Amino acid sequence: MADQYVKRHVTTGCYNVDVSNPNDIWKSETVLFFYLPTLAAQVAFMLLSTRFFYYILKPLNQPRLVSEILVGFLISPELFGSSALSEILTPLKSVVTTETISYVGLVYSVFLAGVDMNFDTILRARKKAASIAIAGVLLPMILGGFIYYLALKMYKGPAEYLAMFDTTKAYMFWSLTLSVTGFPMVSHILADLKLLYTGLGRVALTTAMITDFYNWVLFALLIPFAINGKIAIYSVVSTIGFVVFCFVVVRPYLVQIIVRKTNQNEWDNHGLFFVVMGAYACALVTDLLGTHPVIGALMYGIMIPRGKFTHLLIEKSEDFGVVYLAPLFFGSCGIRLRAIYVIKTQGFGLVLGLLFLACIPKILSTVLATRFYGMSVLDGVSIGLLMNTKGILPILMLNSAWDKQILSVESFSILTVAILIMTMLVPIIINAIYKPRRLYKQNKLKTIQNLKSETELRILACVHNPRQATGMVNVLDACHTTKLSPLRVFALQLVELSGNTTSLLASHINQHNQQQSGGGQSLTKAQEDLESITNIFQTHTGANENSSVETFAAASSYSTIHEDIYNVSQEKQANLILLPFHKQSNIEGILETINTGFQDINRNVLSDAPCSVGIFVDRGLGSLFKVNLRVVMLFIGGPDDREALAVAWRMSKHQGVQLSVVRILMFGEAAEVDAISHFESRGLLSAVVDNEKQKEFDDEYVSAFRLKAVSNEDSIEYSEKEVHCREDVPEVLNEVDKIGYDLYILGHGAGRNSLILSELMHWADCPELGVIGDMLASNSFGSCSSILVVQQYGFGGMVFDNNNAIQHHPREEVPPDNSGALSVKVE
């Protein structure tokens, strides 16, 4: 038994090598017969199996690293042993070759980590993020030493065997592993959980970036001493000199060449190849100097200027290293796992206890640091959990310790399992304990209808491009009515990102000003648009006193970006979300679809928005140089119409706005109540009663508007139109449109309970505009006016089915009060 403990850390394998055409250079067998087919089989298996596990674990927001280690563990000797699958995929003869090739992917993955690491952000980081990062590195290192001491005392085995690993080097590896945070993993998790643009997400993202940078510095400075002892001082000093030389001498020329070729669009695959080879050249130099080759790749990645070139580089070459080759490295780590063996020899309780202790240092250090800055315990725990997310670096450390026989099988396996479990559990726990939407719904937002005239109006203006921003500025100018009523605008650019680098690029989009400091490189299309959008909205702010604007971007897939809009509106406490219509006007004034994805976003936002929503159809409103608008508000009834009237009422106080309110009264056939579509479960009587209540609220609010606004302002007009049947609706709209207004304002239509309007909705092409908005936006109607369709928060969102039909899911459980505001009880 003693010999087994002492010798089991050494594995010896023998195999035959048939040398083909031996000479002074080639002293191995032909790669075509064994090595190349085996490598192809390994890459194919790892690619297919990791994708399989990744999509299975995707609902749990698991990063790809988890699936890669799991696949490596599945083909480890503990599970498959000497089975046919193991013989084919992991023959002993191919181990050296596979690990050598996997390091090619590893070096490139670390190079991308350097590209992703914004050095300006690290140097200019706020004191709070830097302090949390420092605490999250130092305290885990200190506590990690104590945990390893306890582990050695609790391990079962001969004293001679345990004494082999009771060394300073082992303590250093254990402590450094527990102090690591993987920034790419954190950004992926935050993006998947839709926390990237929340207050917690911003602090966690910056803290993770700083921590990751510190971890790499410690890896470069301390690991050589842990491996080579005192003579490592020469390696460290020479590596520092090489880094200084590269940043002082090489980087200015590198930036100049990249910026020039990027601005002139001269990059091709040949040129990109030489740029990528620079990472391997730097890796070779640091390897020759005695430090790990990935240090050179990381440094080279940090040197690359960010912007259009980095986007092109990642798009062209990422699959080569990250998708195909890097999984071989992580899989080899899984193959080395002996988790089952360790549990059998050391006991499940000991392993579980050490896994629990390994998670504590990061959380404890982060909670202490965040409490010092007045953050809540929940935020501190959440950030601490995110800081426990690992990545490439700890796997690299453990493999180095395994190769140099510094850590025992027990320590290597326990730390690898800890990395796997922490990375798996973090998104699950964060999603369970930190839900912005749940926290947000505890506070009922005031609608614009109930917003006092002197209260600050907060609008989240969502745009995809500068043209949409130009059109929205005039709407925002009209909302800025008096000096006593502040206007705060949050301009949010919606950027579609897909693929493996979503979170990597998303974390830099809002740093375009810093990225330009890298040498004036051309920005990506998204960054150029963001810069233009920023200038447009800042011009709006400069022309208006007592108004302010913040411009930023949300990068995500269009299928989930509505959740980012929810979280940003929550973070900024917006009263109104403005969305652009998915069609834009061409030279002839015809609305043309520019992206059907925009329509899906609008529908998703309408379905469960945390505040009132407005969809803006721009038919040239942005071409006006100043606010001088003729606005008409069509009022039929219901909470959405009351909210739309509130918006129009606020605009009417602007000296450049002339408002006309047209109330459409329903009689006869048009007054029939639709009891089936909206209140199927409540019955006809309840629908009729609710309809009468809505009419009371409508009459009360319109009467207040006529008394306070129409009677006192010459720029406001009020009129009424009667509708008796379905055919009267388009006739009334045509009559109104003949006057030639610049902007229509109308409600979406929730709560009207009109049978004829519900029937007309089934024929609507764009049900997100409501039945009246869809008519006005139709090219066949022939109107040249812009449209603003408003949905009031609190009554209920829209559910769109494949047939364009709409169902309302009412939220209110308490009848509205006499003020016209809906009393909402949200679960």
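Every residue gets a Cβ built from N, Cα and C, even glycine.
All annotation found in TrEMBL is predicted automatically rather than curated by experts.
Here is what TrEMBL records for this protein:
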- 32-57: transmembrane segment (TRANSMEM)
- 49-432: domain 'Cation/H+ exchanger transmembrane' (DOMAIN)
- 101-119: transmembrane segment (TRANSMEM)
- 131-151: transmembrane segment (TRANSMEM)
- 171-191: transmembrane segment (TRANSMEM)
- 203-225: transmembrane segment (TRANSMEM)
- 231-250: transmembrane segment (TRANSMEM)
- 271-302: transmembrane segment (TRANSMEM)
- 322-341: transmembrane segment (TRANSMEM)
- 348-369: transmembrane segment (TRANSMEM)
- 414-434: transmembrane segment (TRANSMEM)
- 535-627: domain 'Cation/H(+) antiporter central' (DOMAIN)
- 629-793: domain 'Cation/H(+) antiporter C-terminal' (DOMAIN)
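Residues in the domain 'Cation/H(+) antiporter central' (535-627) partition by DSSP class (helix H, G, I; strand E, B; coil) as 36 helix, 27 strand, 30 coil. In terms of C-beta pairs under 8 Å, the stretch of 131-151, 171-191, 203-225, 322-341 lying closest in packing to the transmembrane segment (271-302) is 203-225. Relative to the transmembrane segment (101-119), the listed stretch 322-341 leads the set 171-191, 231-250, 322-341, 414-434 in CB pairs under 8 A. Two recorded stretches are said to be in contact when at least 3 C-beta pairs lie under 8 angstroms, sequence spacing 6 or more; the transmembrane segment (348-369) and the transmembrane segment (32-57) fall short of this definition. The transmembrane segment (203-225) shares more Cβ pairs under 8 Å with 171-191 than with any other stretch in the list 171-191, 231-250, 322-341, 414-434. Here the transmembrane segment (131-151) has long-range neighbours at 125, 170-171, 174-179, 181, 203, 207, 210-211, 214-215, 218, 354, 357-358, 360-362, 364-366, 368-370, 372-373, 383-384, 387, 410-411, 414, meaning same-chain residues at least 6 beyond its ends whose C-beta is under 8 angstroms from one of its own.
With a cut-off of 8 Å between Cβ atoms, the residues of this chain six or more beyond the transmembrane segment (414-434) that come close are 60-63, 65-66, 69-70, 151, 174, 177, 182, 185, 189, 192-193, 195, 200, 333-334, 336-337, 339, 342, 351, 354-355, 358-359, 378-379, 381-382, 385-386, 388-390, 394-395, 398, 407. Within the chain carrying the transmembrane segment (171-191), a Cβ under 8 angstroms from the stretch's Cβ atoms is held by residues 61, 63, 65, 113, 116-117, 136-138, 140-145, 147-149, 151, 201, 204-205, 207-209, 211-212, 215, 218-219, 222-223, 225-226, 358, 361-362, 386-394, 397-398, 400-401, 406-407, 411, 415, 419, 423, 426-427, 430, 502-504, 506-507, 556, all 6 or more beyond its ends. Within the chain, the transmembrane segment (322-341) has long-range Cβ neighbours (under 8 A, six or more residues past its boundaries) at 42-43, 46-47, 50, 65, 68-78, 90, 98-99, 101-106, 108-109, 112, 395, 398-399, 402, 409, 412-413, 416-417, 500.
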